[in-house]
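Enquirer: Quick one: the structure is below, and I'll ask about it shortly.
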Amino acid sequence: MAREYKIEDYRNFGIMAHIDAGKTTTTERILYYTGKSHKIGEVHDGAATMDWMEQEQERGITITSAATTTFWKGRDGKMRRFNIIDTPGHVDFTIEVERSLRVLDGAIALLDANAGVEPQTETVWRQAEKYNVPRMIFCNKMDKTGADFYRSVEMIKTRLGATAVVMQLPIGAETEFKGVIDLIEMNALIWRDESLGAQWDVVEIPDDLKAKADEYREKLIETVVEIDEEAMEDYLNGIMPDNDKIRALVRRGTIDVKFHPMFCGTAFKNKGVQPLLDAVVDYLPSPLDIPAIKGIDFKTEAEIERHADDSEPLSMLAFKIMNDPFVGSLTFARIYSGKLEKGTSVINTVKDKRERVGRMLQMHSNSREDIEEAFAGDIVALAGLKETTTGDTLCDPLKPVILERMEFPEPVIQIAIEPKTKGDQEKMGLALNRLAAEDPSFRVKTDEESGQTIIAGMGELHLDILVDRMRREFKVEATVGAPQVAYRETITRQHEEDYTHKKQSGGTGQFARVKIIFEPNPEGEDFKFESKIVGGAVPKEYIPGVQKGIESVLSSGPLAGFPMLGVKATLIDGAYHDVDSSVLAFEIASRACFREAAKKAGAQLLEPMMKVEVVTPEDYVGDVIGDLNSRRGQIQGQESRGITIVISAHVPLANMFKYVDNLRSMSQGRAQYSMTFDHYSPVPSNVAQEIQAKYSGQK
């Protein structure tokens with residue numbers, strides 16, 4: 001089967017925005033006008049095509065990005081193939097946005113005309129900057145009370161530090177919003193309400209808006225000629241670029257991420273969507289317009305490039321794993337080069353494992369169609385892959401390459417979880433592993449000390465939804481607890497202890513004497529053991545028993561039973577008995593010796609200190625620092641990054657629970673933070689007493 005659409009006619013793009021800016025509704029309208037949906041799904045009815053998980057339809061938010069292929073005839077009458085990814089706007093799901101942006105060529109950033117640039121808009125914008133994704137802007141909800149297009153344009157400059165090139169002006173606002181002025185063609189488009197937005201009339205620009213339209217067209221031309229010397233020279237000499245030239249310059253500037261063309265409308269009221277689709281064709285890149293993807297040669301580790309060309313060796317990136325109720329596990333992959341046929345064997349170069357592509361599917365939200373072959377630029381769902389996880393490269397076994405991996409954020413919140421019944425224990429393990437395979441920002445581990453299963457994720461809503469999915473999809477009922485901090489213990493001063501173990505009770509007795517110096521290990525947190533025995537006071541074969549005895553006590557410290565760190569033990573003397581001594585006797589002696597010594601060597605409680613980085617607009621710096629100080633945090637420094645301030649601090653993990661909620665309310669949701677483990681630090685004595693009182697009862 002030959003390629004149906006040329007690669008230059010592909011547009012792989014995503015729709016990104018703050019929660020509630022109308023992303024899913026806009027995608028629904030795109031699917032409706034491109035003929036993929038026969039009935040428009042409304043989010044507030046819980047019927048949107050792209051929101052296909054039960055929780056999404058209940059909560060009215062998009063959690064997983066669904067990929068959809070659809071088609072659109074451009075202004076030139078030629079059909080184009082769109083691969084669209086709908087992404088979530090909630091901060092707990094940034095991983096979904098991150099992985100979508102990694103495999104897309106362009107994006108539409110959606111703004112709510114009433115709110116303008118919102119906190120999550122800033123977050124996803126920063127993510128798109130990281131991957132250098134060309135973006136257009138659609139100012140949605142122009143029919144809403146308080147809608148202000150011009151304020152939104154200003155906020156793009158002040159909050160995002162970006163340049164918006166205004167391509168359309170609104171005609172009316174709020175309930176009076178009727179249509180838009182096209183600043184290239186210099187005419188007005190007025191939608192007919194009775195046609196569900198499918199028809200509009202092209203009319204003259206209203207008299208009261210002519211001066212404004214002239215002013216904004218002038219601004220548009222001024223901005224775009226700057227990227228082309230010849231056009232700039234002509235412009236300075238009074239020669240204006242024609243409409244085709246303007247479009248060509250807007251396309252170039254958008255693809256080079258010099259500026260962002262901006263449009264307006266209301267997806268819900270069906271106005272402005274078709275010109276937006278024409279703009280996707282005119283201004284967003286095809287796979288040929290963006291730089292070739294870089295990778296590393298699997299064998300030589302040299303850098304290589306893969307171009308968007310069917311004749312190149314196959315390379316693709318798995319960017320999402322999803323459980324489908326009918327097909328089982330589906331791996332979404334973007335094909336960067338070469339072509340893929342059903343039944344082909346490919347190699348996963350990250351895991352160094354062969355995989356066979358059983359079925360290949362073209363996805364439309366949650367319905368699907370089987371395909372035999374896919375080409376460079378396609379986004380496909382593959383069934384039957386066993387080893388592949390998010391971020392892995394799949395490629396031609398004869399020309400292996402490892403494409404740049406995705407970076408996944410570390411989880412910032414963890415809670416203990418246990419099944420409600422014994423029968424659910426095994427099912428819970430399977431469910432958690434399946435969910436972790438789908439979502440790299442979700443981790444599962446067993447706490448060795450408490451035996452509890454700990455789940456970690458990007459926020460409370462994130463974990464909430466995963467526990468909910470476990471109940472719905474895997475029928476596992478679970479109880480969720482509060483997380484506990486993994487404290488440690490150590491000693492702070494040198495102490496010498498002499499201990500004799502004697503047991504005489506008929507038959508062979510037990511005898512061992514050890515003299516050991518215990519002190520903090522100057523080389524770090526590990527345990528260090530040395531023997532300085534001379535003259536055979538303790539025979540060589542018994543010395544491993546001395547070390548083993550001390551090590552067995554390290555797992556439970558004298559204060560609250562937490563593992564001990566940073567201890568050094570030096571065996572300096574001892575005594576033995578020809579008949580009654582044994583390795584076991586010396587193990588028992590050294591164990592008791594350390595237990596005695598630990599109490600006298602200045603035992604101290606340690607707590608995990610987290611490296612916390614808060615990215616916040618300047619207005620909230622004082623509040624953020626004050627709050628971190630109140631959490632026993634130590635501020636390490638601050639620096640400006642673009643139009644935000646980055647604050648670094650070390651904060652005890654025990655004081656970071658619920659921080660995400662506090663930070664959101666403190667900064668109206670505009671600040672973000674990341675947290676990683678840094679080091680263990682002594683617990684202040686007043687806090688240590690509370691912890692000891694709490695845990696010594698559990699020992």
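Cβ coordinates come from backbone N, Cα and C, glycine included.
Look at Swiss-Prot and you will find 8-288 tagged as domain 'tr-type G'. Among the features that Swiss-Prot reports, GTP binding site is placed at 17-24, 86-90, 140-143, with the record citing sequence analysis.
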Enquirer: Take every residue in the domain 'tr-type G' (8-288), average their pLDDT values, and give the whole-number result.
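Expert: Residues in the domain 'tr-type G' (8-288) carry a mean pLDDT of 84 in this prediction.
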Enquirer: In sequence order, what residues of the same chain, 6+ apart, have a Cβ less than 8 Å from the Cβ of M142 (GTP binding site)?
Expert: A113, F149, P170, A173, E174, F177, C264, G265, T266, K271, G272
Enquirer: Around A17 (GTP binding site), how many other C-beta atoms are within 10 angstroms of its C-beta?
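Expert: Taking all protein chains shown, A17 (GTP binding site) has 28 Cβ neighbours within 10 Å.
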